[in-house]
Every structure is written in C-alpha cells, then in structure tokens.
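Undergrad: Here it is: the structure, laid out below.
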C-alpha cells in the first residue's frame, strides 16, 4: 500500500512497563499478558490516516534493561517520535523518566515528538503515580501526555495517532526536513493519496484531550 510519509517511532522506558504490549495492541489489536523480556529491539508497523493522508508508522520497541541502553541509544537517531512509558503502579518507573528523557534528547533530533504514557490504567486500585503527576511532568518538559491500558486498549490508538498528528503538524510548519531521513521521516512513493478512507477512525486532537478523558 502506498503512503505519503513514513514516520519512525521508538518506544522507551523501564523494563516491565508494557512497551511490547503497547506495540502489540496497536499493530495486532491483541493483548499478551505474559511477554518475554525484549532483547535488544523489536519491530512493528502499521498504516494510519492523518488529515486524509496515509502515514506508515514504523515502530521500534526497545529493551528497558540497563545492559541494553547503549543499543537503545543508537535507535534514537533517526526517530521522529518517541513513546516514553512508565507504569502507574510502580513509582520507580516514573522516577526514572528524567534519565530516559535526557538520553532521548541527547541522542535524537531536537524536533522529535515525545509522548509521555502512563500505562496500566486498568489497574486503578494499585495506582502509585497520580495522573496529575504525569501531567505536571509533561508540562514541565514540553511533552504530550496520555494514560493508557495495553490490556483494554484504552487510549492506545490515540497515543500513536496523536504523536503522528504532532509530527505531521511540524512537517507542515517546516520544522522537519523531510528530505533528510536522519530525522525519522521518509517521503512515501506516492505523496498524493486519493483515498480518504484509512484503517483508523478520526481521533481527537491532543488539545481536545482534557484531564477528564481517562480510560473507561
């Protein structure tokens, strides 16, 4: 299938926060409760529709273990978007966000779009990080923020789509050099897409997602 652009994503965060599950839910629409630890990187891809254009998302799921951080760093280069994930039931994964963010910004393009994700929102009774804390961290560091559940699929689609919308907005503003693939964007074989039907229904804009739009 032809596409207007290809956007490269990287998923980062501590081990066990649900990075692989978020990828699987988005690409295959299924949840795998028992998942082997990612060794190095895993890969997934899916087409989405942004403003009537077909966009191919190429997603790299990275290992969270410290021993693989050097491998992970090499994938920051050439990524247009990053999903920075923590587990709302494990405070330490939230505390480590600053380290992950420093790594991402040191080794990536300054225009890379970063979506902060508080995953496992289905485990509300075990919550250890308040939603307001995630929102505050995102505001402080200029990130987009959502809480998701890879198990129920709540907000998973929106997280990927809204990241792509922000990347596309930056392209429209001329902030990304789309002719330089080091920025994580590749012009597709057919940039004019005549089909108006995509695999995803229209999603809310980031600005439309208020503090009350949590998972059901």
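Glycine residues also receive a Cβ, built from the backbone N, Cα and C atoms like all the rest.
Given the structure is predicted, the values throughout are model-derived calculations rather than measurements.
If you look up Swiss-Prot, you'll see 16, 17, 18, 19, 20, 21, 38, 64, 119, 120, 122, 150, 151 marked as GTP binding site, on the strength of similarity to another entry. Feature annotation from Swiss-Prot assigns S-geranylgeranyl cysteine to 215, 216; the stated evidence is similarity to another entry. Taken from Swiss-Prot, the feature region 'Disordered' applies to 189-216. Feature annotation from Swiss-Prot assigns motif 'Switch 1' to 37-42.
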Undergrad: By a simple count, how many Cβ atoms lie within 10 Å of the Cβ of residue 119 (GTP binding site), its own Cβ left out?
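TA: Its Cβ has 28 other Cβ atoms within 10 Å.
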Undergrad: Let me know the most crowded of the binding-site residues, choosing from 16, 18 and counting other Cβ atoms within 10 Å.
TA: 18
Undergrad: Within a 10 Å radius around the Cβ, which one of these binding-site residues has the most neighbouring Cβ atoms: 20, 122, 151?
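TA: Highest number of other Cβ atoms within 10 Å: 20.
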